[in-house]
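Some notes on the structure that comes next.
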Amino acid sequence: MIKDMIDSIEQFAQTQADFPVYDCLGERRTYGQLKRDSDSIAAFIDSLALLAKSPVLVFGAQTYDMLATFVALTKSGHAYIPVDVHSAPERILAIIEIAKPSLIIAIEEFPLTIEGISLVSLSEIESAKLAEMPYERTHSVKGDDNYYIIFTSGTTGQPKGVQISHDNLLSFTNWMIEDAAFDVPKQPQMLAQPPYSFDLSVMYWAPTLALGGTLFALPKELVADFKQLFTTIAQLPVGIWTSTPSFADMAMLSDDFCQAKMPALTHFYFDGEELTVSTARKLFERFPSAKIINAYGPTEATVALSAIEITREMVDNYTRLPIGYPKPDSPTYIIDEDGKELSSGEQGEIIVTGPAVSKGYLNNPEKTAEAFFTFKGQPAYHTGDIGSLTEDNILLYGGRLDFQIKYAGYRIELEDVSQQLNQSPMVASAVAVPRYNKEHKVQNLLAYIVVKDGVKERFDRELELTKAIKASVKDHMMSYMMPSKFLYRDSLPLTPNGKIDIKTLINEVNNR
């Protein structure tokens, strides 16, 4: 069991100083280097005499210097706020306004001029590393101190800073490295794809650093070139793949993404969005011997609260795959609209309790009070997700409360419509979105469709293709759920975190 994240890293700096902690296309950094560099950066940060425990914004991409800076800030007693280099300036400004960081560390060139907050550049970080300053840890992040603060998008467009403490992080990390579903090996070789500003990244760096493994990162200029990206990934000796299912779907566009070309890849960890039956089935075809682990959880409950190994039997028998057994230390309940606990098999809102639940949103007491509460004497969080628990305590997902719509008198779950369309043998990916009238009522349903290779060529007109897709799903899809219009695309937009960008599609059909 891990009791302190930094203690674990320091231990590996002693026992395996020359073992790589970070690898970017063969450019490696070792555990010994990480200790020396983070010590020097921590000493430099202390010299700035920042307000104790004040948060620090760190701007950059998937680089070693980001990782070293995070470790240094933890040593010096400051929570870090990771902000990705691709973030819009308006979002960065909103985060700064809410978080009021005592310092900005710009590992990449910072796009804004901010009055009243000191900015440290990469050259200053490099100079600090060259100084090789020794460091004695006397005030590092501990217990309920914030370890990191990740900003989510927020339904109103105003970002919310989720505060994750050291104790929260330990609850997640110890579960992940000890749980049989994940089956994390010693010295794991992990693909580091999701950006640090997305809490799915914690699923790769926390167990890797806790078990003395290696993070395989990709340069930011490669991420935009999908063909080159997946050609490169196929050449990496990664054993564990952590991403959203959408990113894996993109990877499967490359013929090289298969067990024959990537024999070292034995584990897939998915979180961040729903893993569909079709994606899991395709993965089993590409990687017959691999383990596929489906995890679920909101950022507010520290990355994930449940996980389960997906089997071929599940793929054959479930319409929507189960999302796991809840963590032993995080009792998970299903409640109705009145907050009453529901029995096994009954569908309601998923709430999570226990030591992984965040203390709330940074400097946002109103939103904190809406989402966080106490249930059965434990800190609890309203996930806003619909679900149920089986008698065997397996969590089943039913969609988002805020993606439910009322149409033609029926209450419809948009994700359910998408799932049904994805069952078509002609469909590679599908998303259902509502079109609203002037009274803000749903006028009709539309579907964005990416068809499988070779499908379009079989039809002279899109109308014929649409009829064929509808016919292929009509036996298991209620007629009132069927979208009235199908829009065909070569690909669907993704958020910077690798999820299908449903909000952008909704705005597109409603001309927002």
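Cβ coordinates are placed from backbone N, Cα and C, and glycine is handled just like the others.
These come from Swiss-Prot:
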type	residues	note
BINDING	THR152, SER153, ASN294, ALA295, TYR296, GLY297, PRO298, THR299, ASP385, TYR397, GLY398, GLY399, ARG400, LYS499	ATP binding site
BINDING	ASP199, VAL303, LYS499	D-alanine binding site
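Recorded features from Swiss-Prot, shown on the structure.
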residue: THR152; record: ATP binding site; Cβ neighbours (10 Å): 17
residue: ASP199; record: D-alanine binding site; Cβ neighbours (10 Å): 26
residue: ASN294; record: ATP binding site; Cβ neighbours (10 Å): 25
residue: TYR296; record: ATP binding site; Cβ neighbours (10 Å): 29
residue: PRO298; record: ATP binding site; Cβ neighbours (10 Å): 22
residue: VAL303; record: D-alanine binding site; Cβ neighbours (10 Å): 27
residue: ASP385; record: ATP binding site; Cβ neighbours (10 Å): 21
residue: GLY398; record: ATP binding site; Cβ neighbours (10 Å): 19
residue: ARG400; record: ATP binding site; Cβ neighbours (10 Å): 16
residue: LYS499; record: D-alanine binding site; Cβ neighbours (10 Å): 18
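DSSP gives THR152 (ATP binding site) a strand state. The D-alanine site is defined by ASP199, VAL303, LYS499, and by the 8 Å test on Cβ atoms against their centroid, the other residues of the chain that qualify are PRO194, PHE198, LEU200, SER201, VAL202, MET203, ASP271, GLY272, THR299, ASN497.
You'll find the Cα of ASP385 (ATP binding site) roughly 15 Å from the Cα of VAL303 (D-alanine binding site). Of the recorded residues, GLY398 (ATP binding site) and LYS499 (D-alanine binding site) place their C-alpha atoms 18 Å from one another.
The binding-site residues near ASP199 (D-alanine binding site), taking a 10 angstroms Cα-Cα threshold over the set THR152, ASN294, TYR296, PRO298, are THR152, PRO298.
The two recorded residues, LYS499 (D-alanine binding site) and PRO298 (ATP binding site), have Cα atoms 14 Å apart.
Reduced to three states, the DSSP call for ARG400 (ATP binding site) is strand. For the D-alanine site listed in the record, the two most distant Cα atoms among ASP199, VAL303, LYS499 lie 15 Å apart. Distance noted between the C-alpha atoms of VAL303 (D-alanine binding site) and TYR296 (ATP binding site) is 8 Å. In the three-state DSSP reading, PRO298 (ATP binding site) counts as coil.
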